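> Sequence annotations record features per position, and here TrEMBL assigns transmembrane segment to B:7-32, B:87-106, B:112-129, B:190-208, B:238-261, B:273-298, B:318-340.
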């Protein structure tokens, strides 16, 4: 069998770290080949080497059996390699067609022949079942559609090998199904696909073979038909991984958080939380299940003091914390693992160490009389880095340089370490790999067992079912029912999340 | 490992060298001898004690205006209004200098403080507008420059004097001038302000890097959302950053008012001390030490240039061109960084 792409013994170094070492990747024509690895394992680096954005220190690349030197993305394009980045590179105000032809426009007497371009785009779109409207503006179409435009962009440039970087991270379940269909029709037409992912379910579903990278090193390539998710996970992480989180039954005690008749508006001034009631007790994890946009974010921001509550009250123990400043809320014993770790959780340009004291820098022993004590700060940071297994060259590295999973572990370390009474965990494992997810789940359960109250917000039903001791279903700004995970299943939860109150509501 | 730090230090140095080189090429093209030109520049800046004194005198306000811009940039704000803050600082210091009769131990600090407060107030206005109403500080500070210019002229003409074009000289008790320093440098206008400027560089370094307040200011500068999440007051820190930046700029005005000139006159246009501060901050990579070094370079070029027309026949405008070229090379540091990394890779 001839390989369309061969990357042999690739090594790529950055100052201080080896991002790739001794990695072999061989892709057959017409296959979907998964590239599996934890966050920060070096998948993106390897693909950037293939796409010509980085030059490897060692190793060789062959395209269709011929040795090549890919010095920049244009060379990669000419060799038929196309890449769909995780973050799309589209001009919002341009149409689909304009974005696709950008840079290689068909010309007619010095002007862009947009008619011809549209026809070509339409043909391509139909051939692969992509179903995009060539005349629509990018800003008017859904994220799933935008991704298809990115795929079309590579096809238009004659790509034979498509690299898809975590393509499902931004898609809804329905869109994922459609994308899988598109991938199948692409390989049927003779294209080859490299799928970068850390989601085992997807690999089992669509891929033919899978190459695993762990901590920058190539572990090997396996046939998907001969393996199973458990084996893949342990190959990726380097140890046994358990999927269902083990925990003892909860032992809830006194009520820590109680919310009564809460109303919160969003930025546009629309009521998002509409008379919500909720209690979280010491020693239990309450999971909020719901479809995105039913007021969950507003609820959490209101508790954390980041958003004004219109009416109602939020109580922690006997203290009313409604509309206190974020600092006062923190001081009263609340920790918050925010949904958007880049926007809220970290100052990316600060070193990891300084991020570890983002809320406590003004207290002893991190400062005294307004003067920072960096020795103590970095000592603490190093402790947290060790305890929470944050993989970073050192505590002085900027947070920006860490992978998503390690950034999240740093935040969780910081938030948990303050010994709060209430931990708000908003999508704590979004975009993370199984190893990191397992770790974070274990930590949250540990904190529960120490008698803390945990409020979990997640859009992953699996996570809600696994972790919660009690599930509160949120719909249209209210908690419409409360169930125990053992008394329900994903179907019933799904129905409730769509607004159907079950017959035997287990509400309190 | 070729540390990032080394690259960061190399970039301004290479930029300066490239700027000087391009200056030499331009001199050649226009038929001047670049060696003679640069020799004249050198003697004009360091040739004897007088020139050295004048160079250091010029460096003084540049340090402070550079610190003002750098401080704001480190906290995520672009203070284009340093020029105006220099003006109000200058006027305030001279006003206190001529209006009171006090012992020096009170009078001089009072005049210096007045300048800092005036500059701080001039920074407070764009700061509060940004913090409370989200008005972009660049637009406000540019406008505040014009207000400062014409307001200063009005105050000089109609408040401090009766229709004159310049104020009286300040009382000796408010002056930074030093007979000792002047005597050491063949009666240059070098004054004690240099010590204030160097001390302020130390203050900026300490404040930003060592205090909790500095931690907040930098944090807000990088990420307002995360700072708010962490319990810091974003609007308080924005206002404070502009106030401190303005105070540095106001002190730069005091250097002119209490040190170099000892009076304030009606101006037809900007002094450019503030605008040059932007370049100084850029060249100094927004660090306190960097600003001091960059200010030194700018002062040298400015004073040394005065010697070029008489000795080498090179017009002063050319020196302005060389300075501009250095800035362009610094601003395009991305290009230089890229070239350095290229060389480094091939050298392996």
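Glycine too: its Cβ is placed from the backbone N, Cα and C atoms.
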> With pairs closer than 6 in sequence left out, are the transmembrane segment (B:273-298) and the transmembrane segment (B:190-208) joined by 3 or more CB pairs under 8 Å?
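They are in contact.
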> Could you check if the transmembrane segment (B:318-340) is in contact with the transmembrane segment (B:112-129), meaning 3+ Cβ pairs under 8 Å among residue pairs at least 6 apart in sequence?
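Since fewer than 3 Cβ pairs under 8 Å link them, the transmembrane segment (B:318-340) and the transmembrane segment (B:112-129) do not come into contact.
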> Under an 8 Å Cβ to Cβ limit, what residues of the same chain, 6 or more beyond the ends of the transmembrane segment (B:238-261), are close to it?
57, 60-62, 64-65, 67-69, 71-72, 75-77, 79, 81-82, 85-94, 97, 108, 111-112, 114-124, 126-128, 130-131, 137, 170, 174-177, 189, 191-193, 196-197, 200, 204, 207, 213, 217, 220-221, 271, 273-274, 277
> Near the transmembrane segment (B:112-129), which same-chain residues lie under 8 Å Cβ to Cβ, leaving out any that are not at least 6 residues past its ends?
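Same-chain residues near the transmembrane segment (B:112-129) but 6 or more away: 68, 77, 79, 81, 84-86, 88-93, 95-96, 135, 137, 140-141, 144, 148, 196, 238-254, 257-258.
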